[in-house]
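Enquirer: Look at Swiss-Prot and you will find 106-134 tagged as coiled coil, backed by sequence analysis. Residues or ranges marked as domain 'Fe2OG dioxygenase' by Swiss-Prot on the basis of sequence analysis: 152-256. Sequence annotations record features per position, and here Swiss-Prot assigns Fe cation binding site to HIS180, ASP182, HIS237 based on sequence analysis. According to Swiss-Prot, the feature 2-oxoglutarate binding site maps to ARG247, an assignment based on sequence analysis.
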Amino acid sequence: MAIPVIDFSKLNGEEREKTLSEIARACEEWGFFQLVNHGIPLELLNKVKKLSSDCYKTEREEAFKTSNPVKLLNELVQKNSGEKLENVDWEDVFTLLDHNQNEWPSNIKETMGEYREEVRKLASKMMEVMDENLGLPKGYIKKAFNEGMEDGEETAFFGTKVSHYPPCPHPELVNGLRAHTDAGGVVLLFQDDEYDGLQVLKDGEWIDVQPLPNAIVINTGDQIEVLSNGRYKSAWHRVLAREEGNRRSIASFYNPSYKAAIGPAAVAEEEGSEKKYPKFVFGDYMDVYANQKFMPKEPRFLAVKSL
């Protein structure tokens, strides 16, 4: 079993309806799928790959060797207790945001700025596809994420998490990234095309998200689940630690503004059914998520203050 791979370019041709159906089915049955022919230039993707890997080697690799995950793993190995590090991720991370560009590594600033704009455009297109498949007005999801604003400067949160999962001497004792669902909206992942490790939970089984050169992996977060009234599900996923290879992962998140009110869209409800989720302010949801990220998601929807 493998996650769906969808040719996004066919949205503009004779196979549009088939492609829309494939995306709808992937959102409903998986919450994860891969896009090929998505429109982001290959030359740009190659630059992003090289610069991200170079940045890790020159600016982050040495620091990771003395990081908390390394120290804790070494201590655990010395104890030889048979335990596993349950609350630690074997991951190096830095985050790129619009307002912290002065903190971006200088050698990647121009390229990553260009890449983020391309990914932001792809996120908008994907949300419009979801609008259409859910029977929502065009632009509904994006408008909801931007506090109901249709024009002007976007208020939605758009961040890019650049991760590396370095070789781990004891991958059986630590997670690359613990299992979780994503809190926000639409996630667009440019993952390593050589080293695997990302898995998604499907029908009780962990399925590898197969490396596919220059594809963009799409996954739906908790807020898409809420807006669709459960028709689309946010999927549990994790990253395994590896003994060999330094796995690269560049995930961009198009999330609601912290002030945005999120709830099931009326047209997304099945006829005769009740709303399955409360309406809440996304920032309030994030307050709950911060303490419950790696726990079952259903209690989060109950714990958040409803409007």
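The backbone N, Cα and C atoms fix where each Cβ goes, and this holds for glycine too.
From a predicted model like this one, the values you see are computed outputs, not experimental measurements.
Could you place the listed features in the three-dimensional structure?
Expert: Beyond the coiled coil (106-134), the same-chain residues lying 6 or more positions past its ends with a Cβ under 8 Å from any Cβ of the stretch are 11, 20, 23-24, 27, 35, 38-41, 44-45, 47-48, 51-52, 54-55, 58, 96, 140-142, 145, 158, 160, 162, 185-186, 188, 190, 216, 218, 224, 227-228, 231-232, 252, 254, 265, 267-268.
Within the same chain, residues at least six positions away from HIS180 (Fe cation binding site) with a Cβ under 8 Å of its Cβ are TRP236, HIS237, ARG238, LYS293, PHE294. HIS180 (Fe cation binding site) carries a strand DSSP state (E or B).
Under DSSP, ARG247 (2-oxoglutarate binding site) is assigned to a strand (E or B) in the three-state scheme.
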Enquirer: Residues near the Fe cation site, HIS180, ASP182, HIS237 excluded, by Cβ within 8 Å of the Cβ center?
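Expert: So the additional residues around the site are ALA179, THR181, ASN219, GLY221, SER234, ALA235, TRP236, ARG238.
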Enquirer: May I have the DSSP-based helix, strand and coil counts for the residues of the domain 'Fe2OG dioxygenase' (152-256)?
Expert: 9 helix, 49 strand, 47 coil
